[in-house]
Each structure stands twice: as C-alpha cells, then as structure tokens.
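Residues annotated as domain 'Cytochrome b/b6 N-terminal region profile' in TrEMBL: 1-140. What TrEMBL lists as transmembrane segment is 12-31, 43-63, 75-96, 108-133, 162-182, 223-252, 272-291, 311-332.
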Amino acid sequence: MRGGLLIRQIHHWAALIFLAGMFVHMMRVFFTGAFRKPREINWLFGFLLFVLGMFTGFTGYSLPDDLLSGTGVRFMEGAILSVPIVGTYLSFFLFGGEFPGHDFVARFYSIHILLLPGIMLGLMVAHLILVFYHKHTQFAGPGKTNTNVVGMPLLPVYMAKAGGFFFLVFGVIAAIAAVAQINPIWAMGPYRPDQVSTGAQPDWYMGFAEGLIRFMPGWEINFWGHTLVLGVFIPLVLFPLVLAAIAVYPFIESWVTGDKREHHILDRPRNAPTRTAFGVAWVTIYMITLVGGGNDLWATHFHLSINAVTWFVRIFFVAGPVIAFIVTKRICLGLQRRDRDKVLHGRETGIIKRLPHGEFIEVHEPLSQEQLHTLTAHEQYKPAEIGPTVDENGVERKVPAAEKLRVKLSNAYYGEDNQIPKPTVEEYKEITSGHGHH
C-alpha cells in the first residue's frame with residue numbers, strides 16, 4: 001500500500017503522544033486539585049481512559065507478530081502464569097491453548113480496534129458531558145468565584161483554538177513519522193518462541209510495568225508440588241496498586257479534610273504542599289520503574305554494570321519517593337513563605353537606596369490588588385480534632401480507630417509545620433502603614 005508505512009508510523013507515534021497527553025492532563029488535574037467535588041467521578045473516568053489507553057496501545061503494538069512484539073506478549077504470558085491456581089487457565093483462555101497458540105492475533109485485533117476503543121468512546125462522551133455540566137475550573141483571580149466562569153466562550157473562540165491546535169499536532173506527528181523510524185518490524189523478523197531480541201523495550205507507558213519485574217529478585221516458593229514465582233507475581237500485584245494509588249487519592253483527601261463543598265477554583269500546587277509532594281512521589285515511582293524497564297539499555301549506552309543499574313532502581317524505588325516527598329514539601333513551604341513576604345513587603349525592585357544615616361536598603365514595590373488577591377485567595381484548612389471523649393450521658397466514648405487515623409492525617413496535611421499561615425489584614429495594614437516598610 002502506497003504510503004502505508006507512513007500511516008503506520010503516524011499511528012504509532014500518535015499513540016505515544018496520546019498517552020503522554022492524557023498523563024500530563026491527569027497530572028495537571030491532580031496538582032491543581034481539579035478532582036475535588038463535584039468532579040470525583042470525572043477524575044475516575046479520566047483515570048480509566050488512561051488505563052484503557054495503555055492496554056489499547058499494548059494490544060496494538062503486539063499485533064505485528066514480529067520478534068519485538070512477540071517478546072512483549074511472552075512477557076505478559078509469563079506474568080499471567082505467575083497467578084496462583086488460575087494462571088495456567090487464564091493463559092490457555094487468552095491464547096486459545098499453549099502459548100503462542102493460533103488465536104491471540106485475531107483476539108488482540110478485535111480487542112484493539114473494537115472492544116477497548118468502544119469502551120473508551122463511551123467514557124470519553126461521559127467525560128465531556130460532565131465537563132460541560134460542571135463547567136471548567138479556573139485559577140483564583142479578580143471576579144472569579146465558585147459560582148461563575150470567567151473566560152472566552154466555547155464558540156467561536158475555543159473551537160477555533162482547538163481546531164488550529166488539532167492541525168498543528170497532526171502536522172508535527174506526520175513530520176515525526178516521516179523522519180523518525182519506530183518499531184521496524186522488518187529488522188526484527190517474525191516472532192519465534194525460542195528467541196528474544198536484544199534491547200527489547202515496551203512503549204513508554206508500559207515501561208514501568210516491565211521495570212517492576214526487572215528489578216524484582218527472582219524469588220520462588222515451592223509447596224505442595226506447586227511453584228509460586230514471587231519475582232513475577234509481586235510486581236503483577238504492584239502494577240494495579242501503583243495505578244490505584246493515584247485513582248483513589250481524591251476520596252482520601254476528601255475524607256481527611258471532611259470538606260464536602262463544591263470547588264471550582266483551582267489550587268496553586270504550592271498551597272497544597274502535602275498533595276503536591278504525594279503527586280511528585282508517585283511520579284518518582286513511575287520514573288524509577290521506567291528506568292528499571294530499560295536497565296539493559298542504560299547499562300550499554302552509559303557503560304554501566306546492569307547489576308548496578310538494577311540495584312539503583314531497587315534502592316530508589318523505596319528511597320526515591322521519600323526523598324521526593326520531603327524535598328517537594330519543603331520547596332512548596334518555601335514558596336509559600338516567599339508569597340507571604342511579597343504580600344507584606346511588596347516586590348523586590350532591585351533598586352538599592354542609601355538612607356541618611358548610612359543604611360542600605362532595597363526598595364520594594366507594592367503589589368497590585370490583582371496580585372494580592374491571587375496570592376491570598378486560597379483556603380487554609382484547620383487540622384481535624386478528635387470529638388468529645390464522652391457522650392451526652394457523660395459516659396466515656398471509645399474513639400474509633402478510623403477517627404484517630406483521620407486526625408493524624410489531617411495534622412500531617414494541615415498542621416502547624418505543614419502550611420504557612422496567610423498574612424492577616426491586620427499584619428498587612430501594620431506593615432504598609434509605614435512602620436518598618438521600605
């Protein structure tokens with residue numbers, strides 16, 4: 001087919017960018033708190049679209065049946081076989097017999113072009129309907145409240161922008177596909193179960209799943225004549241847990257804060273340091289395991305020991321998120337202090353002034369009312385407290401463990417050392433009245 005290779009490469013590159021776009025969009029929603037009520041369900045719709053997109057991409061790049069895609073399918077088959085008791089049955093059901101069988105290409109094709117896209121189309125429609133119903137979120141600013149939307153109309157402004165962006169993205173993808181080769185099946189040859197291509201890597205969105213298995217020690221347990229391959233089964237369990245951690249977060253935060261109000265004003269990430277730190281820790285886990293999924297290429301390209309790369313991933317899979325959490329939280333608190341200082345003292349102008357008695361000071365310029373509003377419009381929650389320890393009859397009340405946990409988490413989120421108090425009106429007036437203000 002004339003131009004068939006170009007179309008195929010456009011399709012493959014578009015899939016990579018499609019998943020990257022969804023991932024970036026999810027992170028934007030997460031870090032700005034756009035998932036809060038009434039958008040929790042829409043957050044789950046978006047999360048499911050991302051996960052379904054991952055599996056749609058996997059079934060798609062598994063279809064050529066070349067050595068590279070066959071290696072990926074074999075990888076998946078090994079993970080399925082590690083499931084205790086039912087693993088063998090699941091594998092036989094999926095492949096129509098002993099791997100590789102004769103049915104998986106036809107089955108993957110139907111799943112790739114019909115089943116998963118159909119589900120995604122339904123979720124996409126529901127997602128957009130809810131966006132239209134709830135309206136867009138917006139950052140704090142003059143005139144912006146939880147009851148209005150300030151911005152350009154859908155027609156014709158936004159549609160014109162979206163249409164232009166569509167053609168721009170299509171042109172860039174077509175240009176990339178024309179000059180950048182991807183998945184050259186002719187270089188690999190047809191799949192053979194007894195062969196594995198060197199440097200075999202999945203697409204980026206599945207790389208973290210492979211990384212979970214690659215850095216896991218080859219542990220096995222033998223009992224009652226059965227072998228439990230923990231080196232594969234544990235990563236298989238971690239795979240959905242890593243994804244689920246980000247999916248259920250909105251409900252955890254809602255429970256910790258006890259806030260059931262609707263929110264249409266976005267947070268600046270710095271003003272929600274614990275949430276931001278958790279998100280960065282999650283991304284760190286994703287990136288560390290992505291490195292693990294390409295440990296052989298890291299070793300060969302940078303002349304490193306593959307064992308050293310693997311141990312690096314093992315150590316930082318645990319230590320990396322902790323370090324990222326602490327550092328991110330400190331950065332957010334530092335930015336909050338900077339905002340507080342700007343509100344009280346104004347913007348640094350870079351102009352140095354010498355006073356009559358010889359002291360040198362820097363001249364600060366007062367912020368505009370719009371800037372002041374932006375820096376002080378965010379809400380600050382108070383930590384939850386344990387309720388009365390006695391009931392209405394004066395009998396000591398047993399505090400449920402869930403309530404104790406909620407109070408501890410609330411203090412971890414909004415305690416004294418976990419957010420910088422906003423300047424009060426009295427503080428602002430005292431500073432700007434001329435007392436010690438330069």
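The count begins at 1 with the first shown residue.
Glycine is no exception: its Cβ is also placed from the backbone N, Cα and C atoms.
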Worksheet item: Are there 3 or more C-beta pairs under 8 Å linking the transmembrane segment (43-63) with the transmembrane segment (223-252), counting only pairs at least 6 apart in sequence?
Response: yes
Worksheet item: Out of 12-31, 43-63, 108-133, 311-332, which stretch touches the transmembrane segment (162-182) the most, going by CB pairs under 8 Å?
Response: 12-31
Worksheet, complete the sentence: Per the Cβ filter (under 8 Å) with a sequence gap of at least 6 from its ends, the transmembrane segment (311-332) is approached by 211, 214-215, 269-274, 276-278, 280-285, 288-289, 291-292, 295, 418
Item to complete: Could you break down the residues of the domain 'Cytochrome b/b6 N-terminal region profile' (1-140) into DSSP helix, strand and coil, giving a count for each?
Response: 105 helix, 3 strand, 32 coil
Response to the item:
Checking 12-31, 75-96, 108-133 against the transmembrane segment (272-291) for Cβ pairs under 8 Å, the most are found for 12-31
Worksheet item: Would the transmembrane segment (12-31) count as touching the transmembrane segment (108-133), i.e. at least 3 C-beta pairs under 8 angstroms with sequence separation of 6+?
Response: no
Worksheet item: Which value does the mean pLDDT take for the domain 'Cytochrome b/b6 N-terminal region profile' (1-140) in this predicted structure?
Response: 92
